[in-house]
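Student: Reproduced below are the annotations present in TrEMBL:
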- 12-31: transmembrane segment (TRANSMEM)
- 43-60: transmembrane segment (TRANSMEM)
- 72-90: transmembrane segment (TRANSMEM)
- 96-118: transmembrane segment (TRANSMEM)
- 130-151: transmembrane segment (TRANSMEM)
- 163-187: transmembrane segment (TRANSMEM)
- 199-218: transmembrane segment (TRANSMEM)
- 224-240: transmembrane segment (TRANSMEM)
- 247-269: transmembrane segment (TRANSMEM)
């Protein structure tokens with residue numbers, strides 16, 4: 001993809017923008033009970049979209065795609081193990097520490113991997129590779145259906161809860177089916193305008209579905225449409241790597257969430 005003169009943000013820059021917006025959003029999440037106004041939450045609406053876009057960049061440029069996916073899986077496990085420990089010692093009213101963007105990113109990247117395997121399998125006439133790719137795409141959906149069935153039965157409810165700690169499922173994804181915007185970013189990876197159009201379509205559908213297509217509460221309870229502002233860094237992205245601090249981004253996510261939660265607890269927020 002040819003770089004335009006206005007595309008001045010590299011990989012590192014876009015990630016930093018995402019992190020800053022995410023931090024502001026989580027300040028609202030943890031301190032809403034202390035009077036942080038609701039509009040602060042608006043800053044976080046583009047964050048997931050930005051990270052799904054960057055996940056595509058990470059997947060197509062990494063030297064080891066399986067290691068990349070495993071790193072996301074490890075992040076998923078760390079959040080699922082660490083958050084209950086934090087909540088055991090601290091509490092912020094009725095706030096549940098359920099944040100885990102690694103769930104969404106892993107499932108989205110796994111689907112990208114599946115699409116890639118299907119494409120390669122069709123080109124090389126390897127049916128096993130096609131089946132593997134298809135399984136990678138549908139497995140999270142099937143596991144979610146399985147988990148829902150197990151939860152409905154009191155005898156298997158605990159097993160389902162333990163399964164959800166180990167295996168990422170759409171059922172517990174922060175963004176639900178919205179995570180599949182990452183798949184469209186991957187399919188349109190060579191066309192920035194189509195990627196931006198994808199954001200507009202997802203934003204419209206989300207705002208419509210959440211309000212029965214009455215498009216009400218757009219600045220109160222139905223604000224995810226503000227994900228359209230992710231288009232700005234996406235358009236300005238030049239495809240360059242920039243400064244490399246990849247493990248900082250993996251570590252910052254859990255650490256800042258836990259520290260904000262602990263700080264809110266120590267300040268008595270929610271009491």
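Backbone N, Cα and C define each Cβ position, glycine as well.
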Student: Do the transmembrane segment (72-90) and the transmembrane segment (43-60) share at least 3 Cβ pairs closer than 8 Å, excluding pairs fewer than 6 residues apart in sequence?
Tutor: no
Student: Using a threshold of three or more Cβ pairs below 8 Å, and leaving out pairs closer than 6 in sequence, do the transmembrane segment (130-151) and the transmembrane segment (12-31) count as in contact?
Tutor: no
Student: Determine whether the transmembrane segment (163-187) and the transmembrane segment (247-269) share at least three Cβ pairs under 8 Å, counting only pairs 6 or more apart in sequence.
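Tutor: No, the transmembrane segment (163-187) does not contact the transmembrane segment (247-269).
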